[in-house]
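Feature annotations, courtesy of TrEMBL:
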- B:25-60: region 'Disordered' (REGION)
- B:177-359: domain 'FAD-binding PCMH-type' (DOMAIN)
- B:209-215, B:291-294, B:343-349: FAD binding site (BINDING)
- B:Arg394: site 'Important for enzyme activity' (SITE)
- B:Arg490: substrate binding site (BINDING)
- B:Tyr553: active site, proton donor/acceptor (ACT_SITE)
Amino acid sequence: MTHTDTASGRAKMDHGEEFVDILEERRRSYDLGHALRTIKLHPYQGGPRCSTAKLNKAVLDSQYLRYVAEEIATETGSSVVEVREQARRLLEEMSQNLQLSSLRLMSYTITKVAKRLFSSIYVNMEGLSMLQKATQETPVILMPNHKSYLDFLVISYILFTYDIPVPVIASVIRKYLLGLKQQSIGLAEMKMVGEILRRSGAFFIRRAIGSDKLYWAVLSEYVKTIVRTGYAPMKFYVEGLRSRTLKSLTPKLGMMHMVLEPYFKSEVFDITLVPISISYDRVLEESLHAHELLGVPKPKETTTSLLKSTKVLQEDYGAMHVNFGRPISVRQMCEGKINRCQYNLTPRDLPQKPTEEAQACVRWLAHLVVRVQDEGSVISPWSLMACMLLQAPITALTEEGLLWHQLTGKTLWLRKLVLDCGARLNWPAQTPDSDVMSSAVALHRSVVHQKAGRVYLVQEEEPARRHPISPQERMMRTASAVLMLASYRNQSLHVFVRPALVATALHITESTQRDELFAFYCFLQELFSYEFVSIPGELSQDFEEACSLLKKCGAAHISQQEVTPSAGGMETLSFLRALIQPFIDSYQVMLRYLCEEGDQVLTEKQFLPAVRSLATRLILSGELDTYEALSSDTQKNLLLALRRLEAVTKSRASEENEFNVNKAAIRTIGDVLSGKIPPQMLQTTPDARL
Amino acid sequence: MAANGSGGGSDRQRVAQQRLRIIAGHLRRPADEDSAVRAAECKAPQSESDASAEGKTVPRRRQEIMKWNGWGYNDTKFIFNKKGQTEFTGKRYRLSGMILPGLQDWFENTFGASVHHKSPATNILNSSAVQPPNLNEAFVEELKSTGVPFSHDAEDRVFRANGHCLHEIFPLREGKIGRVPDTVVWPNCHNDVVKIVELACKHNVCLIPFGGGTSVSSALECPLEETRSIVSLDTSQMNRILWIDEKNLTAHVEAGIIGQDLERLLNESGYCTGHEPDSMEFSSLGGWVATRASGMKKNVYGNIEDLVVHIKMVTPQGVIEKSCQGPRMSTGPDIHHFILGSEGTLGLVTEVTMKIRPVPAYQKYGSVVFPDFEQGVACLREVARQRCAPASIRLMDNKQFQFGHALKPQGSSMFTSFLDGLKKFYITKFKGFDPNRLCVATLLFEGDREKVLQHEKQVYDIAAKFGGLAAGEDNGQRGYMLTFVIAYLRDLGLDYYVIAESFETSVPWDRVLDVCRNVKARIVRECKERGVQFSPLSTCRVTQTYDAGACVYFYFAFNYRGLSDPIHTFEQVEHAAREEILANGGSLSHHHGGGDRFKIKRLLIKRRRRVGVNDAAVITGCILTSKRWPGHPEPRGEEVILRSPRHVLTASPSRKLMGESSIYQPCTSSANTLPRPYHRSAGPLPYPVFHVPTSICQGKPLRLRTACHRVKLILGLYNVSSVLGPPLGARHCPPTVWLHRAPTSLSLYLHRGHCTQETENMT
């Protein structure tokens, strides 16, 4: 729980960490003065920082790029000079141009905006001071989670405020922002936005690189040079994309490889990874995300749309927590995992495929960072309420309304469970519990509203209704509210997911034998590998941890051989099960579609709308009561998982991302999931495959 | 032992006698051919006279001039006097008798040490603490009859029981004396050594060669588990220059001569060898050969392997040497390359023919200041690329520069200190060098005056391209002085709770900066993790340049107050540092040598307890590789398998065979079918010898004994003039099988230790 001392803007979490509201100070002094103050930076290893031009020159002159350029020249038949010229242009398009003056401008603007949007921005001071120390000793990689556009510059803003070197930011971006593609709006305008971002430290990576060898080479050399020289801390999103569901995504490894390679090749002594967890009370893009998930295309990232979003600026988004995690020493983590001698016998500049050992290590480390991000995120009371709201029948929410005291009672029960599980909960201690919850509901009036002691789901209303809405339309409106709720539930999902999977295993297998439970747990984790990220190779540890958590909450007895539900733990177990149930139901629907209705060969483009319409039908007929089956995220995750399980294979020949569906295998998976056959029937060894 | 001696069957005696005859035959033969030289050799003064009578530095009784638990001469040491200044006592060095005002401050600030916290060494060597000698009576009796002087005196023995590793010196300072040799012998010439080795083989006695006693690879340590009598063979009295050949510019020198004597005596005739390792005051020629030493001026004169023309080595099987002094041969692998770096495991080097050069007409020191270490390394690389390195060029990092600066003697006048201030102002203020980042390269030019000046200009021009500023001769000379007094400085540190050690590596150019940075950082981190209170001194210099890489030398020291077991902590840190070097693509050693306990065993062998590759590693400075050894099961855990010299030695046709077990099929011949002694002077033998070891001697100081197996392998291959039969004291030697095979199918397998089983599996 949080003890807030409003006067000083400090909040203390139960873990004893101190979070400081950085906006508090800004509200009391002049923003301009802050932006223009003298800055004392302590750069990496005390050395002077090289200029952007020098950095770019070092990249272009690198032996590695020479090799690649020559290789490409022989492959394509063009001259080396041409290829190198091409590389120069690519670099120009990519590179950042970090400048103090723009940072000052950025700081000023962000202060203005943030003061309007957020009541406070809490930052943990301990993590920040560890980060400051790390930036002087080793190259630092900042690895925040990515839930909102606002993440983009907020880290730089915080570091700027505390005189810590501001990072360069890897940003995957659409082509028109680079001025490569004509858009409806003026090219110059777009270039200007791009330039501002560049000057704030962003460097741009094309969205689809594919097999463009030269681009990969330029990008990786650019990244590696930044790390090698300790030019500045680097920030990138290990999850790759913004999470539409507020759930952590499976990490992407390409960037991670580039960042870690200088350590593997002993070009730096160590690299420090700093996982950063950003948690929002209320996410700016909440409804936008819900619409996207339902298949309504998202508006383009243009300046005009940015200006139109000023409406958004009028609203209150509560508090934001930025938790700088404990720095991770790559050297320490890789001990015994990487044999650096393997790079001794060939020049390090030669393009080399990463060894299996290196790949495994990078994968493991990336997953670990995501786990640490999860553990570091701060859970809001609202997220707990969302868990509870989603477990109520939909009709109760849309029509008769949920009794307020019922909701609050259950939320308080859940609060205890969350704290037992050791999560960071942001629950103000001084304020009465009921006030905390009503203010949470008030903050999220776009999702629920409270009336006469009952809570209702908000349904989007169109002012001028020309014709009565169809049941389908009504359903879609409910769906968007439900998906928003679901994403807030997801904010705390990571706390429960592993015990919940065990609880589910207990329920479905109806067994208490540890090994049987573990087998099923592995199956679930494998099937939901894109829903709930787990660290490769650590399934059994996770299982053990989950069991001991269940024991700690009093939900189960654990012995050498058995896990037995305890008499008093039924409430906990059924709550946990109900958390996973929507996923199981959605997956069953999709599996059913693939088995029964879908063709042998299908593309993702066909799959998504088809499943959506099946789910709509089922919901309307009352057969299915989770709206999450409508989410394109869930649908894509299933496809990925099935590919991993080799129940679906990508056909090489076609351009269109066609899939071959192995219906028998899918039927087996469905049967295992519903408990008809044991998971051993599946011819996979999940632990090894993860 | 006695039981072994008397219990031998008649069969064995017969064999032994036969061998004796063979050996005798070999020994006679070269003597006949080369009688003039031999005669000269034997004219050498016999046991009674001491070397010092001839103006040689090291007497038989080292205790007369040397410290027993520290570096160097008795009368020379650093002390902090009451005025807060540092003095260097004695009269032997340029620095002797001078006052060093800056050292104490530097010392206290760098280590967080204080002159009030002393950890003084035990002064007196307590003879009663030394264990009584474990004598092999029969050996001693026969030794007496040879007339070679020997001693069982406690002091004599203690003086030969250690090198200068920290873990050897540290207990000595506390008065703790471990296992020491039981006998010290002082052979006076090559023939004496042959006699001693024969006797050692006959009586099953361990021999440990002792030269200058400056080993930093634990090579002199007596293993605790050894139960036999250990004899230390001190070559210090074999210290004559036997002849100088002015037509070919070579000198034939006995291996016990120490560097300063060799250089001084040659100088008298107007020559020099130019081989100047940092330990040259005390280290011996034989030691240089045995450890593949490198001298500071190798750019002009070459390393020891470039300098030697001919080596004579006594092995348990006989004497091995080339039959001529031709500058190069292409008849099989060069036998010198087995002897160089064998660290006494194959035999004992007794005489060496070395290249000599006329003493250079002109010598000039110099120095260059660089804004940072990166620029300095870039400059050295460019110098190496243009192949214009002066006799010596060294780049000290910032910490070492400050260290060197602290050794500056008191300025003789107001004027010099004013000048120093002005220089400092110019560099830091006017040129904008950061005093905490700048670094210094020290230079030494040699040759004709004009050429030196021309050369100097070329080097300074290159330096200027990398931001370097010439910083005067004085700084350069002081830089070299640091390396000669560093060992005395360590003793000073040890007096005040500071322990220190140095180690070195060679590394490709592109990794020089990485190795320097990472190893230094690793030392700092490891010290911190192991509870060292004050941040350690961790500094390096690039000390030699080559076409493809450089040699990097590290110093590392820390204040050990508050640590319960400083030596253990120290060894852990050093081990980590070496691991870091290997991971960064550096070698285990550039010139200190592999040694047994300290490096090879701990870093390489520790990881696998399998094949006798350890010896192989010792011999050839093996390459660490993750590759599986053909015919062996997959390594377990973090085991690392070494690539044995087999890979290096075998010709390609046999490489294919290596994976097959048939190659190891022993021939069923016995000792009776020993090949006749070879007297070939050139070309590989028509029937190379193939040796399959089946049982093996135990323990380390078998050096000479185990050596015989290896030498046998080698002998088959090389161009050697004399080879003896199997060893005399053959009791513990494995039955040997000599195969007659064509060279193409020849494969070598080197073996020792606990691996009998595996070998048998292989065969």
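For all residues, glycine too, the Cβ spot is worked out from N, Cα and C.
TrEMBL feature annotations superimposed on the structure.
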{"residue": "B:Pro209", "record": "FAD binding site", "Cβ within 10 Å": "28"}
{"residue": "B:Gly212", "record": "FAD binding site", "Cβ within 10 Å": "25"}
{"residue": "B:Ser215", "record": "FAD binding site", "Cβ within 10 Å": "27"}
{"residue": "B:Ala293", "record": "FAD binding site", "Cβ within 10 Å": "26"}
{"residue": "B:Gly344", "record": "FAD binding site", "Cβ within 10 Å": "26"}
{"residue": "B:Gly347", "record": "FAD binding site", "Cβ within 10 Å": "30"}
{"residue": "B:Arg394", "record": "site 'Important for enzyme activity'", "Cβ within 10 Å": "25"}
{"residue": "B:Arg490", "record": "substrate binding site", "Cβ within 10 Å": "23"}
{"residue": "B:Tyr553", "record": "active site, proton donor/acceptor", "Cβ within 10 Å": "22"}
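Reported as a whole number, the C-alpha separation between the residue listed as 'substrate binding site' and B:Gly347 (FAD binding site) equals 32 Å.
A helical conformation is recorded for the residue listed as 'substrate binding site' in the three-state DSSP classification. A straight line from the CA of B:Gly212 (FAD binding site) to the CA of B:Arg394 (site 'Important for enzyme activity') spans 26 Å. For the pair formed by B:Pro209 (FAD binding site) and B:Tyr553 (active site, proton donor/acceptor), distance between Cα atoms is given as 27 Å, rounded to the nearest Å. Among the recorded positions B:Ser215, B:Ala293, B:Gly347, B:Arg394, the residue whose Cα lies closest in space to that of the residue listed as 'active site, proton donor/acceptor' is B:Arg394. According to DSSP, B:Pro209 (FAD binding site) sits within a strand segment. A mean pLDDT of 89 is what the model gives for the domain 'FAD-binding PCMH-type' (B:177-359). In the three-state DSSP scheme, B:Ala293 (FAD binding site) is classed as coil.
The two recorded residues B:Ser215 (FAD binding site) and B:Arg394 (site 'Important for enzyme activity') have their Cα atoms spaced 23 Å from each other. Rounded to a whole number, the distance between the Cα atoms of B:Arg394 (site 'Important for enzyme activity') and B:Ala293 (FAD binding site) is 17 Å. The two recorded residues B:Gly347 (FAD binding site) and B:Arg394 (site 'Important for enzyme activity') have their Cα atoms spaced 34 Å from each other.
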